[in-house]
Amino acid sequence: MEKEQKVEGERAAAATQRWVIGVGFWVQGFRLFPWLGVNFFLKDAMGVPSSSLQILQASATLPMVAKPLLGLLSDAVPIRGCRRLPYVAIGALLQAVSWLGIALWPSLSLPVLTIFLLLSNFGASICEVANDAIVAEAGKQATSSSGGQLQSFACMFGASAGALGNLLGGIALSYFSPKLMFLFFAIVLVLQFFTTVAIPESSLKLPKATTNTSVISSIRKQTKELSYALCMPEIFWSVIWFSVSYAAIPFLLGTMFFYQTEVLRLDSSIIGLSKVFGQVALLAWSMAYNKCFKTTSARKVLSALQFITAVVMLSDVLFVQGVYRKVGISDSLYTIVFSGLLEGLMFFKVLPFSVLIASLCPSGCEGSVLAFVMSALALSIIISGYLGVALAEFMGVSGDDFSALPVCLLIEAACTMLPLFCSSWIKERKGKEKKEE
């Protein structure tokens, strides 16, 4: 009888875990809905040039760099005895306030908009740290045969929400103002806040917080454990490679957005559909990884994804030169499929890498380590965005002159290939060690 009750309790906890993870990652993915509106709002309503747009896009992610500190706080500083769900609720509330501010502020200036976007991403970073920690801790409790399933589940929910957000965003921009999109997303965040508050964290059956130590000593202990984990060669060198694989690329996202909308005159629905395709590809990858690739060497998977990304970037060179148009592939079709695929590919590596790090991470500091990894990713993307702006400026690419864009794209693809020469930095535990665990 007791055994049956225990099994039933574990099933209930697993179901609640999946509900919390699903909602958390769904809202994270749906953030692409208002952000699509932000791009058009900046370009059309505020007249921001392409270089400034990309700088603002990159700079707005600065709060994501604070994730290690947030991870330490969530690991070491419980709120009413809980370490995860209160942080999700706080993050959702901060985001709701910021998007409400953007939607309702009467005369919105660029500095005020920047402050609100920074606040939104700060709230999002708090949510993501807590959600990633829930996935890591719950994944540790799963059997070895189901390793990586929760990460895939979370990624699928995030990708499906991203696809829906971009699809609805592209349609909404044709009928409504971006400010109405911001208001709608703020309402979604308010609902997430109340949903999260209503769920007791004890129902998740996660490791309990230590209550017999002070906050200072808890943070010191957690910092020491994080330092120990990051100094492990397999984690240290893997994180270095992961960061370099993004930071080395001068990503031309803002430049391509202006080229597609100003030169090719593609409307918001096409841009939205391209992002939908990228999210659908990310969703399909999550399912394929869970079924076919989770037992494959992480080094092989990550290297293959890096190479495929470079190939798609090379394809953009032919696109800008009009080669595909000559063979009957319209600009709209190419943008939907290949531009969307490229944006999705940039995040394909996150799933296998998070599974790798979760398997290497010592128990007790999952939130801190994964937060550090996501912080490294955010910082790398910021560097990548700034390098993209610098490359475009150096080559003379602007909102009025895209003649040097093919050369910029070639440089972008070449830089994407560079991390392949140091793929040996990706470390994995030997099979014997895994079996012992």
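Positions of Cβ are set from backbone N, Cα and C atoms, glycine also.
What TrEMBL says about this one:
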type	residues	note
TRANSMEM	20-42	transmembrane segment
TRANSMEM	54-73	transmembrane segment
TRANSMEM	85-105	transmembrane segment
TRANSMEM	152-176	transmembrane segment
TRANSMEM	182-199	transmembrane segment
TRANSMEM	235-258	transmembrane segment
TRANSMEM	301-324	transmembrane segment
TRANSMEM	336-357	transmembrane segment
TRANSMEM	369-392	transmembrane segment
TRANSMEM	404-426	transmembrane segment
Legend entry - Touch test for the transmembrane segment (235-258) and the transmembrane segment (336-357), at least 3 Cβ pairs under 8 Å: yes
Legend entry - Beyond the flanks of the transmembrane segment (54-73) by at least 6 residues, Cβ under 8 Å: 39, 42, 48, 87, 114, 117-119, 121-122, 124-126, 128-129, 133, 219, 222-223, 226, 253-255, 367-372, 374-375, 377-379, 381-382, 384-386, 388-389
Legend entry - For the transmembrane segment (336-357), distant same-chain residues with Cβ under 8 A (at least six beyond the ends): 132, 147-148, 151-152, 155, 235, 238-239, 242, 245-246, 251, 253, 256, 260, 270, 273-282, 285-286, 289, 293-294, 298, 301-302, 305-306, 308-309, 312-313, 315-316, 319, 369-370, 373, 377, 426, 428
Inset, instruction - Residue list, the transmembrane segment (20-42) vs rest of chain: Cβ under 8 Å, 6 or more residues beyond ends. - result: 48, 53, 56-57, 85, 88, 92, 99, 113, 117, 124, 127-128, 130-131, 134-135, 138, 150, 153-155, 157-166, 168-170, 172-173, 178-179, 181-182, 184-185, 188-189, 192, 195-196, 199, 204, 257, 268, 271-272, 275, 279
Inset, instruction - Six or more residues out from either end of the transmembrane segment (85-105), which same-chain residues have a Cβ under 8 Å from its Cβ atoms? - result: 20, 24, 27, 34, 70, 73-74, 79, 112-113, 116-117, 119-120, 122-131, 179-180, 182-183, 185-186, 189-190, 192-193, 196-197, 199, 201, 204
